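Peer 1: I have a structure here, written as structure tokens, and I will follow up with some questions on it.
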């Protein structure tokens, strides 16, 4: 079958015929999503990526159609595979939560230990499949990254139970959250935080482009240019830009006492200057800093439900989510979009 192949730790990408055997029901892949992790692997920038027998099938975002009945699913169902699998040894993995793997030996589809989903067919166990409602067929590919954010917000709220965090009226309306980064992840974080009732701010080191302005207007989120001085403080900050450690150094002091700082993704450049004064500020203000990564099956189901809700609540934004569709037969364009993000991009899909 045809597949998109990489050879980590080296750079480069190609479309090749491969023979990969698998267990479980067959799934015909209809489309894949492209994210920053895929591009880091293609460009040889992700040290965690590993080859299997000399190559690796790329991709951890996929939508497919089930080709046979299972215990709980039926032939013809739209399904999405979970991208992280357990090590099989630690307690969390054995209890279905490999997002908290204790050995660090979890498998990541299209990244390490497991071939990815950018291929014509896969076979997979039913327990790793999530049924996709037909009503969100056009934007369902967003559920995989959104699942990671569902888990992230769940984690933030759980951690902040260390104090009384809800407002006097029982909502989160009085809690201000700043998101750094206006890409796919930043926008999805903004939508999710608005759904939870937070007062949401989103930021970048520039002014918003036209598409971003339309989205932020519909979401009723406020915009901050990080190149300018920011005189406000926030109850939580989510770093979703992955641009450099200077963003963390710039925004961490903006947290209020008892604040939460979540880091999603990987900073590409820089060194964080942890002076004694910097660390004292974290201690005296009782700041919590948490790395945010990977949602599991319950979070993907939550993501599906939120996408259904948002098609009604935020119709303009959801209609702009898919920036481009690229056919697997257009190899030249495929290599371009797998290597570099285009300006104004939210999500690009590969169509099989």
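Don't overthink the numbers, they just go from 1 along the chain as shown.
Cβ atoms are placed via backbone N, Cα and C, with glycine included.
Taken from Swiss-Prot, the feature Zn(2+) 1 binding site covers 35, 60, 61, 144, and the record attributes it to sequence analysis. Annotated substrate binding site per Swiss-Prot: 37, 83, 108, 144, 148, 294, in sequence order. Annotation comment: Swiss-Prot describes 87, 90, 93, 101 as Zn(2+) 2 binding site, evidence class sequence analysis. Here Swiss-Prot flags 182, 183, 184, 185, 204, 205, 206, 264, 265, 266, 292, 293, 294, 341 as NADP(+) binding site, drawing on sequence analysis.
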Peer 1: Going along the chain, which residues six or more apart from residue 37 (substrate binding site) have their CB under 8 A from its CB?
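Peer 2: Set apart from residue 37 (substrate binding site) by at least 6 residues yet with Cβ under 8 Å, we have 46, 60, 111.
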Peer 1: Name, in the order they occur in the sequence, the residues of the same chain whose CB lies under 8 A from the CB of residue 93 (Zn(2+) 2 binding site) and which sit 6 or more residues away.
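Peer 2: Residues satisfying the criterion: 86, 87, 101, 102, 103, 106.
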Peer 1: Of the binding-site residues 35, 61, 182, 204, 292, which one has its Cα closest to the Cα of residue 148 (substrate binding site)?
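Peer 2: Its closest listed neighbour, by Cα, is 292.
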Peer 1: Which residue, out of the binding-site residues 61, 108, 148, shows the minimum number of other Cβ atoms inside 10 Å of its Cβ in this structure?
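Peer 2: Counting other Cβ atoms within 10 Å of each of the binding-site residues 61, 108, 148, the minimum falls on 108.
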Peer 1: For residue 35 (Zn(2+) 1 binding site), find which of the binding-site residues 184, 204, 265 come within 10 Å, Cα to Cα.
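Peer 2: Within 10 Å of residue 35 (Zn(2+) 1 binding site): 184.
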Peer 1: From the Cα of residue 144 (Zn(2+) 1 binding site) across to the Cα of residue 206 (NADP(+) binding site), what is the distance in angstrom?
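Peer 2: Approximately 28 Å lies between the Cα of residue 206 (NADP(+) binding site) and that of residue 144 (Zn(2+) 1 binding site).
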Peer 1: Test of understanding: give the count of other CB atoms lying within 10 angstroms of the CB of residue 184 (NADP(+) binding site).
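Peer 2: Around residue 184 (NADP(+) binding site), other Cβ atoms within 10 Å: 23.
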Peer 1: Who sits close to residue 265 (NADP(+) binding site): which same-chain residues at least 6 apart have their Cβ under 8 Å from its Cβ?
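Peer 2: In sequence order, the residues whose Cβ lies under 8 Å from that of residue 265 (NADP(+) binding site) (at least 6 apart) are 36, 185, 239, 240, 241, 242.
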Peer 1: Taking each of 83, 182, 204 in turn, which of these binding-site residues have a Cα lying within 10 angstroms of the Cα of residue 61 (Zn(2+) 1 binding site)?
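Peer 2: Qualifying among 83, 182, 204: 83.
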Peer 1: Express the distance between the Cα positions of residue 204 (NADP(+) binding site) and residue 90 (Zn(2+) 2 binding site) as a whole number of Å.
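Peer 2: Distance (Cα to Cα, whole Å): 39 Å.
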Peer 1: So, three-state DSSP: helix, strand or coil for residue 35 (Zn(2+) 1 binding site)?
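Peer 2: Where residue 35 (Zn(2+) 1 binding site) sits, the three-state DSSP reduction gives coil.
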Peer 1: Taking the mean position of the Cβ atoms of 87, 90, 93, 101 as the Zn(2+) 2 site, which residues outside that list, in the same chain, have a Cβ no more than 8 Å away, listed in sequence order?
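Peer 2: Everything else in range on the chain: 86, 88, 89, 91, 92, 94, 98, 100, 102, 103, 105, 106.
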Peer 1: Want to know which binding-site residues, from 90, 144, 182, 184, are within 10 Å of residue 294 (substrate binding site) at Cα; which are they?
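Peer 2: The binding-site residues close to residue 294 (substrate binding site) (Cα within 10 Å), listed in sequence order, are 144.
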Peer 1: Given the binding-site residues 144, 294, which one has the fewest other C-beta atoms within 10 angstroms of its C-beta?
Peer 2: 294
Peer 1: Record lists 182, 183, 184, 185, 204, 205, 206, 264, 265, 266, 292, 293, 294, 341 as binding NADP(+); longest Cα-Cα distance in Å?
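Peer 2: Output for NADP(+) binders 182, 183, 184, 185, 204, 205, 206, 264, 265, 266, 292, 293, 294, 341: max Cα distance 29 Å.
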